[in-house]
Ligand code: SRM
Ligand SMILES: Cc1cc2nc3c(=O)[nH]c(=O)nc-3n(C[C@H](O)[C@H](O)[C@H](O)COP(=O)(O)OP(=O)(O)OC[C@H]3O[C@@H](n4cnc5c(N)ncnc54)[C@H](O)[C@@H]3O)c2cc1C
Ligand code: SF4
Ligand code: FES
């Protein structure tokens, strides 16, 4: 068996492993990977997301188990320090020696820190690893404690520098960008577009300092400022250096592999170094005299190295490597592709600029005006994907090329259709997925919707920049196959849930038949549209499920969850999980009286199982007499707000999580929504209430609550995203009212907040704009609607047991008081259970 | 072994020997169902008010043999009046009992008539 050692477990090192596993058909090779970082490879491109959720797991390229399952030995926390080419061995920082047949150097690069005096001071950071970010977060938090107006600068106004600037803004420090060149993003933008970008960034609060050479970093122990000229000083409390990258080619020097003058291990187009058994890939490789600081070319390099080793000796890197980029900075669109700066001898440039809208678009076309050579987009990069494709595939452009960038009244008509792209057009450059592969996955039946396409082709899972185009192609292909891509709720309505919400609200309909007769397609409704309309009526008019019970899902109709054998479970509300001993005893006694199976639920309350239909109202009468009310365990409505004990008892508690949890549960109880809603309130960051696994979660921190939204357990667990920090109780309620109401208005049937939020155009940032900044001007309406629902709350079980007419519903037979004779219980441990299904 | 399901056999209108007076029309929800006891049988009766028609079927869901169909939602599936089983949403035609979204055994259906505000179900014995 041949041994392959991969040095570096970063994005490209990982991709090498992944491609190797995919492409090798036998087990003739053994892969061992060394990574110097403490964890398996993670997605550096989306590193900034760590600021939002501090969830390192979410960034993982693959969990540690993946390596085990694929027979790869992954060694983290151990650096390779020496290569001995003559004996084909390497030595590690733990002084261990390993032999190889092939060696893959995927050591990436490190941030370049210019040798400025004082740069070693405390508070100076680089921006490359999770540990870097952790350091920054801790430092910023400390700073803010003593100085709420603390400032931070970023050295470098390039792509990464601006991303770091956004991070500074998000950390709540006053952001400054210091750039040596006279313009921002000097490598990607021309002067005019750079100016437009600058204006836009200044408008969102970034302070930009151009043409500044930093002479020294001021401060005794920690940084207090940067000095440019004698009287030119910028006072800052923190600095992030983002002045370019340096390939980590130190290993090449230990064994005399050729390196470039400015660093980087020299490779040929097979990705071999000057030793044919040693490959270099990713940001450490110097190919065509260039370091390609992007993942997509790195992934291609990994692919070529894999192919070479597996014997496909004709595999080579293409001559031209695409360096088009789109900035991920939220709130500012910037993209450049192909040749952004065009010398007049090679082509013509067409420029559209509107400073009032911070808009700049430039395209460069060939002298014969037939092809697109490159361009720059600032302020609105919606057309980037299509322009990029036209450039990559040398597609024909309109006779009037200006149409490609001029604002049109009817959208992007000048582009033609995504389906005009050639089949081999590479739509996702990160994962090398072509349009043909996307269409193929759908045509073969393997993929039925966008989610399927993404999971079976991996398109859009890298930088994510191609997602809009993947979506368009998917929808167009489905359509061409005659598969309708509409989200109407069922055969009886041509509307989706959101449309119906508006219709019912505006028309004030009170019954299902009114809605169906006025807006349906004929027919009589079904198991899909009836519960949707029932839920909408409840959300709009605060109706309980008692009002029109025949259109309710079975559980809502009988205000209990139907069980395997047609009996029901009973779950009274226990707000926040707090319960008195007397109430506990009452639960026990009632369970005994009706011979019910009892269990503590996963939602930390008590469930009584095995009640027959006839028993339900009797049990509830008893429960209500002891002060209980419906727990809505059967409804698409608020379930529980799980709490930890918080500062009431816990030595670490920062706030009263139980009190607040109870308040929230009582506020939102009974409210019907597209799907169930769960909340959690934790008293400190130890998070004993698992608040971030809930639709809304609160964690007490210094100075208030951190509010998280859109979490989910279930089949697709997701952590909730950080929505607002250090806010007080009142603000939490304000934001939650708006958030939940917006969700109730716009989500699809049976779509939990997590899925809704994930598919929401603009994501969490958009939500913040609508909910915190009120950009749609609907915040007040949302709050009022929620308050109406809160005021109108009524326990539907109390309603039911006090109304003889409603009580009739709970007889198993209309013509007899007897119970269902088909139910058989068998003993289980000290209780009972339904007879198993055959 | 005699399974419960065997007790339920569709009755055609011309086979009716007994018209069993089940209950008053007001005992059944509009566009919904309720269960009637006849000897040792459980019959689901549906008041399909939108069609001004009544249907009767076995209450037993053939999938898991539980007595639940009368508690299901009714409506139409591509035009055929149907009931959705509350346990796993299997759909059954109210007209001839066939399973509309799977290949389960059909459910038994029974003739039904309304006279003087009372609901009668037809049985062969
Ligand atoms: C009773 C309970 C299990 C238990 O014995 O502990 C339970 C029981 C059921 N769960 Fe659950 N879930 C229970 C806690 C949970 C939890 C834990 C939690 O709430 O912290 C989760 C994961 C958290 C989450 O929802 O994000 C959970 C995720 C689900 C899901 C998946 C939802 C999703 O978004 O993917 C379903 C299926 C669904 O709703 O479509 C589900 C569906 C069900 C149903 C309704 C299935 C069904 O249709 O019969 C079960 C109803 C049984 C009954 O009669 O009560 N249950 N279920 C728990 C009741 C909690 C309560 O006090 O109300
Ligand atoms: C904040 C940020 C945003 C970015 N955004 C984008 C973007 O939008 N689009 C884009 O295309 N690119 C982006 N990039 C660049 C992209 O992350 C890199 O191109 C990519 O990570 C390079 O992969 P790599 O495997 O070559 O290097 P790395 O990911 O750096 O991995 C190298 C690994 O090797 C380890 N290592 C080094 N030496 C040794 C040794 N001797 N022994 C053991 N282990 C060693 C290192 O610790 C590191 O873990 C961004 C980078 C950053 C930092
Ligand atoms: S996990 Fe499955 S089986 Fe268990 S209670 Fe939830 S839905 Fe039922
Ligand atoms: S191009 Fe980056 S994910 Fe597709």
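Note: Cβ is positioned from N, Cα and C throughout, glycine not excepted.
Annotated domain 'FAD/NAD(P)-binding' per TrEMBL: A:3-302, in sequence order.
Taking DSSP states H, G and I as helix and E and B as strand, the domain 'NADH-rubredoxin oxidoreductase C-terminal' (A:324-388) has 8 helix, 30 strand, 27 coil. Positions annotated as domain 'NADH-rubredoxin oxidoreductase C-terminal' by TrEMBL: A:324-388.
Marked as domain 'BFD-like [2Fe-2S]-binding' by TrEMBL: A:427-473.
The domain 'Nitrite/Sulfite reductase ferredoxin-like' annotation in TrEMBL covers A:563-625.
What TrEMBL lists as domain 'Nitrite/sulphite reductase 4Fe-4S' is A:635-777. Along the domain 'Nitrite/sulphite reductase 4Fe-4S' (A:635-777), the predicted structure has mean pLDDT 94.
Summarising the annotation, TrEMBL assigns [4Fe-4S] cluster binding site to A:644, A:650, A:684, A:688. Reduced to three states, the DSSP call for residue A:688 ([4Fe-4S] cluster binding site) is coil.
The annotation siroheme binding site is assigned in TrEMBL to A:688.
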*Are there residues of the same chain, six or more positions away from residue A:688 ([4Fe-4S] cluster binding site), whose CB falls under 8 angstroms from its CB, and which are they?*
A:644, A:645, A:682
*Measure the Cβ-based neighbour count of residue A:650 ([4Fe-4S] cluster binding site), defined as the other Cβ atoms within 10 Å of its Cβ.*
16
_Does the domain 'FAD/NAD(P)-binding' (A:3-302) come close to the domain 'BFD-like [2Fe-2S]-binding' (A:427-473), meaning at least 3 CB pairs under 8 Å for residues 6 or more apart?_
yes
*Fewest neighbouring Cβ atoms within 10 Å: which of the binding-site residues A:644, A:684?*
A:684
*According to DSSP, how is the domain 'BFD-like [2Fe-2S]-binding' (A:427-473) divided among helix, strand and coil residues?*
24 helix, 4 strand, 19 coil
*asked:* Let's see if you can do this one: DSSP helix, strand and coil counts over the domain 'Nitrite/Sulfite reductase ferredoxin-like' (A:563-625), in that order.
replied: 27 helix, 14 strand, 22 coil
*Quick one: DSSP breakdown of the domain 'Nitrite/sulphite reductase 4Fe-4S' (A:635-777) into helix, strand and coil?*
52 helix, 35 strand, 56 coil
